[in-house]
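Swiss-Prot has this to say about the protein:
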BINDING   304, 307, 329, 333  Zn(2+) 1 binding site
BINDING   320, 323, 342, 346  Zn(2+) 2 binding site
DOMAIN    41-92  domain 'F-box'
ZN_FING   304-346  zinc finger
């Protein structure tokens with residue numbers, strides 16, 4: 001048998017890669033193939049609703065602007081539903097529900113009403129102020145503020161005190177000084193600075209309460225101390241513009257070894273203006289858009305920029321008896337505006353009371369140069 005002859009293989013210069021044979025895997029008909037997830041696992045779906053609500057409560061209570069909360073509503077359908085939970089709405093911060101006056105609409109009104117129904121004290125106070133002063137729904141606005149005041153909401157207590165002092169929404173005979181002092185005392189007990197200052201003036205002047213000058217002075221000093229403490233705790237860096245004294249230093253008088261502590265209200269320590277509450281900012285913007293300093297019908301706005309309250313009848317507010325230009329809804333607003341602005345602008349005029357627009361009987365008494373005792377009703 002002849003040996004087999006080996007043939008020579010001829011290779012070309014072109015390289016062709018080999019192909020792997022496909023393996024056929026039989027998938028049972030009862031098992032459906034798992035779809036590919038190109039975006040990764042959604043971890044939010046694995047978090048229980050209770051935990052998400054707890055996180056949203058923390059977010060809402062610390063929000064610095066409405067956008068912080070609105071962005072959550074725009075994230076997804078689940079977060080929007082959980083964010084509108086009454087537990088979350090009841091704990092929203094004042095800045096989270098701070099509605100702009102030029103953005104006021106039926107939707108924002110419904111949102112505030114929904115927060116009120118959820119039990120938010122801030123929403124009760126804010127919507128109450130808007131309805132009482134802007135929408136002129138006096139009864140409903142006062143009831144909303146009273147609802148917040150019953151739960152010891154300090155700004156609502158103070159606002160009701162201002163209404164009682166002025167008889168807002170009624171006639172001059174509707175003033176209830178004793179009720180105003182009682183509401184003011186409750187707000188002052190809760191640490192409200194304006195209420196402390198207002199109560200101090202009432203005690204000093206015997207306005208709605210037996211006169212007690214020393215106790216009134218103590219409340220005024222406490223109000224200034226709390227005002228300074230709020231600035232220091234807010235983290236604002238020390239600047240010479242507010243650390244310096246607003247008045248020239250008094251002459252040096254020998255004190256015979258006694259330690260003296262100058263009172264802030266006497267020496268006018270320049271601190272930044274307190275932050276305006278969103279409700280007061282809404283009032284100021286609302287009437288600025290609709291007529292500036294005159295809401296209409298001869299009514300006037302409180303001259304303190306951080307207030308925004310309008311008169312509900314002619315000559316309701318106190319007027320400066322030196323210049324007759326500025327008007328104030330309360331002694332607290334008058335004292336703050338004096339420190340911040342009016343003491344540089346106030347100038348006496350020739351008996352402006354003779355013009356026949358003297359208000360409701362306000363005269364000037366001797367003060368201490370800091371605006372604490374500029375206005376005093378005669379009644």
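Note: Cβ is positioned from N, Cα and C throughout, glycine not excepted.
Here the structure is a predicted model, which means the values were calculated and not measured.
Here the features listed in Swiss-Prot are painted onto the structure.
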{"residue": "304", "record": "Zn(2+) 1 binding site", "DSSP (3 states)": "coil"}
{"residue": "320", "record": "Zn(2+) 2 binding site", "DSSP (3 states)": "coil"}
{"residue": "329", "record": "Zn(2+) 1 binding site", "DSSP (3 states)": "coil"}
{"residue": "342", "record": "Zn(2+) 2 binding site", "DSSP (3 states)": "helix"}
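The average per-residue pLDDT of the prediction over the domain 'F-box' (41-92) is 85, rounded to a whole number. Within 8 Å of the centroid of the Cβ atoms of 304, 307, 329, 333, where the record puts Zn(2+) 1, the same chain has further Cβ atoms from 302, 303, 306, 308, 309, 328, 330, 332, 334, 336, 337.
Between residue 333 (Zn(2+) 1 binding site) and residue 346 (Zn(2+) 2 binding site), the C-alpha separation comes to 15 Å. In the structure as shown, the Cβ atom of residue 307 (Zn(2+) 1 binding site) sits within 10 Å of 24 other Cβ atoms.
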